[in-house]
Amino acid sequence: MDIQWFPGHMTKTKRQLLEQLKWVDVIIETGDARLPLSSRNPLLRELLGAKPKLLVLNKADLADEDQTGKWLKKLEQEGPVLAVSASTGAGMKKIIPMLEELMAEKWQKLAEKGIKKPIRVMVVGIPNTGKSTIINTLTGRAQARTGNKPGVTRGSQWLRIHGRIELLDTPGMLWPKFDDQIIGRKLAASGAVRDEVFDLEELAQWLIAWLQTNYQGALNKYYKTEQEEINLETIGKERGCLISGGRVDTLKAAQIFFREFRSAKIARATLDRLE
Ligand SMILES: Nc1nc2c(ncn2[C@@H]2O[C@H](COP(=O)(O)OP(=O)(O)OP(=O)(O)O)[C@@H](O)[C@H]2O)c(=O)[nH]1
Ligand SMILES: [Mg+2]
């Protein structure tokens with residue numbers, strides 16, 4: 001199965017990011033705590049250059065806590081990083097002090113020249129990692145549009161937290177080609193890629209097998225079955241997705257399975273593993 005997605009608006013996004021970067025002091029790069037590695041756009045590293053950057057692994061409420069701890073230890077060696085949940089608010093209070101720390105040197109230099117100006121922070125990351133939700137939580141108002149699918153934010157938008165910080169919301173950006181198909185699968189499983197561009201049933205079978213290896217027993221418990229080999233038939237039967245002749249509607253079963261997986265009902269699963 002090939003998962004490729006780089007619609008026109010992402011090429012435009014890339015061009016706009018480069019243009020806006022000139023006006024920005026600090027970057028917040030959002031990643032998905034379930035995918036601390038695969039949710040990072042390799043293009044961003046090139047585009048962002050040497051600007052001070054805070055990596056925010058969002059959706060920590062959906063990720064495996066043990067794995068998140070391990071990832072933080074590893075990623076801290078590369079630069080400032082936080083694991084947060086913009087939905088529950090966990091960890092969110094640390095963002096502003098960390099931004100201020102990243103900006104301290106520049107503020108000092110400006111102060112020496114008698115200039116007082118707000119920090120400009122650009123929020124970038126792959127689609128659906130919660131950029132707009134993070135901004136809304138930080139500003140305390142639902143100013144940026146959010147949604148439970150990738151590609152909700154189309155244009156960039158400046159929003160002010162208080163006198164000293166301005167935030168730029170940007171559309172999610174993926175890279176043109178997933179060289180590693182496993183990365184493509186993980187991104188699709190997390191909801192970063194539109195469901196329409198891949199085979200949902202095939203991806204579900206892959207993810208079911210992955211869960212059986214990495215979170216043994218979680219599917220059995222959640223779908224109340226003793227069956228050793230769980231598949232879409234099992235899930236469809238449990239969820240009542242039947243079509244004429246008593247057959248299981250496996251597409252419907254896959255849709256339900258992803259909804260339940262993506263909201264961590266089956267398990268708080270981290271797809272990029274650190275042992
Ligand atoms: N469980 C959970 N859901 C979250 C969290 N943060 C955001 N979401 C949800 O994730 C979905 C995507 O959030 P957005 O803020 O629209 O994501 P985005 O990165 O701005 O997405 P694009 O604009 O499409 O690139 C929404 O349904 C949010 O409610 C979180 O910390 N935990
Ligand atoms: Mg958005």
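Just so you know, glycine gets a Cβ as well, placed from its N, Cα and C.
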Record-annotated GTP site (TrEMBL): member among Gly89, Gly155, Gly163, Gly172 besides Asn58, Lys59, Ala60, Asp61, Asn128, Thr129, Gly130, Lys131, Ser132, Thr133: Gly172
Close-lying binding-site residues around ligand 2 among Asn58, Ala60, Asn128, Gly130, Ser132, where CB distance stays under 6 Å: Ser132
Of Asn58, Asn128, Ser132 (the binding-site residues), the residue whose Cβ has the fewest other Cβ atoms within 10 Å: Ser132
Neighbour count (Cβ, 10 Å) for Ala60 (GTP binding site): 25
